[in-house]
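Undergrad: Next up is a structure, given as structure tokens.
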Amino acid sequence: MAKAYDHLFKLLLIGDSGVGKTCLIIRFAEDNFNSTYISTIGIDFKIRTVEIEGKRIKLQVWDTAGQERFKTITTAYYRGAMGIILVYDITDEKSFENIQNWMKSIKENASAGVERLLLGNKCDMEAKRKVQREQAERLAREHRIRFFETSAKSSVNVDEAFSSLARDILLKTGGRRSGNSSKPSSTDLKVSDKKNSNKCSLG
């Protein structure tokens, strides 16, 4: 019996507690939003199969607790991850400053060459913004990674961010041997077309 997918990619979301990691995963995997999620205890994951470049990609997206006391639990899960999304909250400057610590944690624990993506969540809360887009763009350039601003609440750029990371992993693993590594268009990921006027950025 043929497999229901061509590739299985394990993705990991890391970042401070309260930045919206669980909400992002629920939005991506189930297209749902609930603002009352309690802080994740331990680790959980969701699965969604998407189509990118004509390949069926099964994404196993792992949620991690941001609290330091869970660091030993999260460390074990870095190793098998093919892609890591570093999440901060645009209304919380400290969560952005701590991205450098999370970068260090990736370097110490993850596989060499793991794909990374920087994600500024809660961009629907523009009035409370503490982290300017330019700051994050600068950090992303510094580390040579992609950057998106998302809103799990309004669904802005959530599919696009996961699609971008999955596509980069696919290219790296030889899923497509083309020289075209430009950023993904909205057609790369077969999802429902969500119309919105939110001005969150993607990079």
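Any Cβ shown, glycine's included, is placed from N, Cα and C.
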Undergrad: When you get a sec, could you say which of 31-45, 46-60, 91-105, 121-135 is annotated motif 'Switch 1' by Swiss-Prot?
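TA: Checking Swiss-Prot against the ranges 31-45, 46-60, 91-105, 121-135, the motif 'Switch 1' one is 31-45.
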Undergrad: Just checking: which of LYS46, LYS58, ASP63 have a Cα that is within 10 Å of the Cα of ASN121 (GTP binding site), counting only these recorded positions?
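TA: So the list reads none.
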Undergrad: Are there any residues in the same chain, six or more apart in sequence, whose C-beta is under 8 angstroms from the C-beta of LYS58 (ubiquitin cross-link), and if so which?
TA: ALA4, TYR5, HIS7, LEU8, PHE9, ILE47, ARG48, THR49
Undergrad: Among the recorded positions listed here, LYS46, LYS153, which has the most company in the form of other Cβ atoms within 10 Å of its Cβ?
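TA: Top count of Cβ atoms within 10 Å goes to LYS153.
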Undergrad: Could you check the binding-site residues SER17, THR22 and say which one's CB has the fewest neighbouring CB atoms inside 10 Å?
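TA: SER17, out of the binding-site residues SER17, THR22, has the fewest neighbouring Cβ atoms within 10 Å.
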